[in-house]
Amino acid sequence: TIINVKCTSPKQCLLPCKQIYGPHAGAKCMNGKCHCSKI
């Protein structure tokens with residue numbers, strides 16, 4: 001899932017992804033935006 005959070009590293013995406021998917025969320029930074037996944 002692409003979320004509307006700008007990023008330069010996956011660490012910046014981890015908290016917003018965890019808010020959506022819970023503690024086991026996966027976070028990636030692609031093309032300057034966060035991508036979250038449920039693990």
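Placed from the backbone N, Cα and C atoms, the Cβ positions cover glycine too.
Database features (Swiss-Prot):
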DISULFID  Cys7-Cys29  disulfide bond
DISULFID  Cys13-Cys34  disulfide bond
DISULFID  Cys17-Cys36  disulfide bond
SITE      Lys28  site 'Basic residue of the functional dyad'
MOD_RES   Ile39  isoleucine amide
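Feature annotations (Swiss-Prot) mapped to structure.
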residue : record                                      : DSSP (3 states)
Cys7    : disulfide bond                              : coil
Cys13   : disulfide bond                              : helix
Lys28   : site 'Basic residue of the functional dyad' : strand
Cys34   : disulfide bond                              : strand
Ile39   : isoleucine amide                            : coil
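Other Cβ atoms within 10 Å of the Cβ of Lys28 (site 'Basic residue of the functional dyad'), summed over all protein chains shown, number 16. Cys29 (disulfide bond) is 7 Å away from Cys13 (disulfide bond) when you measure Cα to Cα. Lys28 (site 'Basic residue of the functional dyad') sits 6 Å from Cys34 (disulfide bond), counting Cα to Cα. Within the same chain, residues at least six positions away from Cys17 (disulfide bond) with a Cβ under 8 Å of its Cβ are Ile3, Ala25, Gly26, Ala27, Cys34, Cys36, Ser37. When other Cβ atoms within 10 Å of the Cβ of Ile39 (isoleucine amide) are tallied across all protein chains shown, the result is 8. There are 17 other Cβ atoms within 10 Å of the Cβ belonging to Cys29 (disulfide bond). A distance of 16 Å separates the Cα atom of Cys29 (disulfide bond) from that of Ile39 (isoleucine amide).
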